[in-house]
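Feature annotation from TrEMBL assigns transmembrane segment to 6-24, 56-89, 128-150, 156-180, 233-249, 261-280, 310-336, 348-371, 378-401, 407-430.
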Amino acid sequence: MATKGFVIYLLAGFSVAILSVFFVQNGEFYQSSNLLQQPIGSEDKVWPELEFSWRIVLATVIGFLGSACGTVGGVGGGGIFVPMLTLLLGFDTKSAAALSKCMIMGASASSVWYNLRVPHPCREVPILDYDLALLFQPMLMLGITLGVSLSVVFPYWLLTVLIIILFMGTSSRSFFKAILMWKEETMLKKSMKEVPVNSRGELVIDTVYEPLVPKEEKTAFEIFKFNLNLKRIMVLFLVWFVFLLLQVFKNDLVACTPVYWVLNLIQFPVALAVFGYEVVKLYKESKKRKLEGNPESVCEADIQWTATNLIFCAFCGILGGTVGGLLGSGGGFILGPLLLEIGVIPQVASATATFVMMFSSSLSVVEFYLLKRFPMPYALYLMSVSILAGFWGQCFIRKLIAILKRASIIVFILSGVIFASALTMGVIGIEKSIRMIHNHEFMGFLDFCSSQ
């Protein structure tokens, strides 16, 4: 019930915000001028020199903490990186978004490498849920394509309003969920004299023990092999590669030509084919287990794989990708909270969301590199910072969870990162929107074809 209420809140908020554009467009908030009807982010390229200064030191600290917390929470941190790169280092909006993707890719890649060496805290299954990854990754990439297209059509003030509605909603929802988990963990600690922790320091909850049959501890390499599903990874890589080819070919075309639209439309059957395959697989397996009386879930998600829930997951995947395309983030601001919402435990939700973000962000990085959208010295430096932050952030938080015996820490971090992103992106967006109003700039929808 709470999930449906949250979806209604998002749909209502987005609908009112988008419809208000027509009111502004017909009002007297701006003076119509062809010179002012330029796409957002069309400002000149600004690439400051990479040299030692207090700005680069502060950016390194913010980037490290943002990457560490972002990967732990499974949200990436793009909402923190873009304001940091524009306000602190002085990059233009497009270059900041491209560099943000580089940081997200570096942090998520190192985080995935760490998670592959970590066992599942409760079950004998990989810590990465490949079923959920295959379910969400195609729709996420499709959403990113839509988000990039909408970013040149939507007015800047509308993007700001949508960011505030989305981020405040998801951060509040995650925060209340974290509080609920904290209370449940407190009750669990009171009811148990000794909370079991495995040899790697992972909290073990709801585990059935067989004291007469000692459990064999796996080596680090055995855990790595167990977590690595090459067949599923190859399918994810194939989807990634197809989307990359379509984007590369599309970049060399004139906008709104027949070939341009054909390449755009091809992305839909590619995404829907992989999504449909995984949907059928989850639905059939779930139905089979239900008929056999097997209560065990098909994957980590603790929901019934009905048609309604599958459509809901598709909608959230596209929404997450769209937000990622609009903001230069990895789509984790939707995917991270969504995985928790459907019953995935925090450790697995964080690992799976980061795994999916690695594909979506790397797709954008390759495309931005081919378009020469970011300076290589800064990209390599910030990626190095993010790689270290992603690895050590995961390591530190997992040790902290083992000591405090509270997995809800991950959810609190997720909520905090989204809230911080709402503040930074919201304040910057409001300030820029006010300046646009004072300058009587165009505040309505921009033309798609002329804005490309």
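Glycine is treated like the rest: Cβ placed from N, Cα and C.
With a cut-off of 8 Å between Cβ atoms, the residues of this chain six or more beyond the transmembrane segment (128-150) that come close are 112, 115-116, 227, 229, 232-233, 235-236, 239-240, 243, 247, 264, 267-268, 270-275, 277-279, 281-282, 298-301, 313-314, 316-327, 331, 335, 339, 344, 348, 351-352, 355-356, 359-360, 363-364, 448.
If you look at the transmembrane segment (407-430) against the transmembrane segment (233-249), you find fewer than three C-beta pairs under 8 angstroms, all six or more positions apart, and that falls short of contact. Take the transmembrane segment (261-280) and the stretches 56-89, 156-180, 233-249, 378-401: counting Cβ pairs under 8 Å, 233-249 has the most. Ranked by Cβ pairs under 8 Å to the transmembrane segment (378-401), the stretches 56-89, 156-180, 233-249 are led by 56-89.
Within its own chain, the transmembrane segment (156-180) is flanked in space by residues 6, 9-10, 13-14, 17-18, 20-21, 24, 40, 79, 323, 326-327, 333-334, 336-337, 340-341, 408, 411-412, 414-416, 418-419, 421-422, 425-426, 429-430, 432-433, 436, 443, which lie at least six positions past its ends and keep a Cβ under 8 Å from the stretch.
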